[in-house]
């Protein structure tokens, strides 16, 4: 039987939890950067995102974030724009939901940006405007039937 020559197994590769829950300083965009909202994940470390300037871009998740920071559709991210390719960008940072709300409060994100924390939160807002699903009859209407 061969001897184990590695330094550990799957749990070592997974690493420690880096305690991202603690408060970190809010990072604003600089020139050459833009805020974006993820439309869909494409796989292979890429995603499609709608930037705040109105351009849909193909974004590449940088290696430091790859397999460490999970990005899902609807997340607010900070992307670095490329000088030579306008339709492509690089994901620099993913904002936590509370950070995204702060960005919206500071006026960095437009008011029409929907910050959906999961699928259930986004559907509730649409149902409010639809009204009630039942019809209320008067006593006179029932007598006519």
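Cβ coordinates are placed from backbone N, Cα and C, and glycine is handled just like the others.
Annotation comment: TrEMBL describes 1-15 as compositional bias 'Basic residues'.
Annotation comment: TrEMBL describes 22-96 as domain 'S1-like'. Taken through DSSP, the domain 'S1-like' (22-96) splits into 0 helix, 36 strand, 39 coil.
As annotated by TrEMBL, region 'Disordered' applies to 1-24.
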Exercise. Averaged over the whole of the domain 'S1-like' (22-96), what is the pLDDT?
Worked result: 91
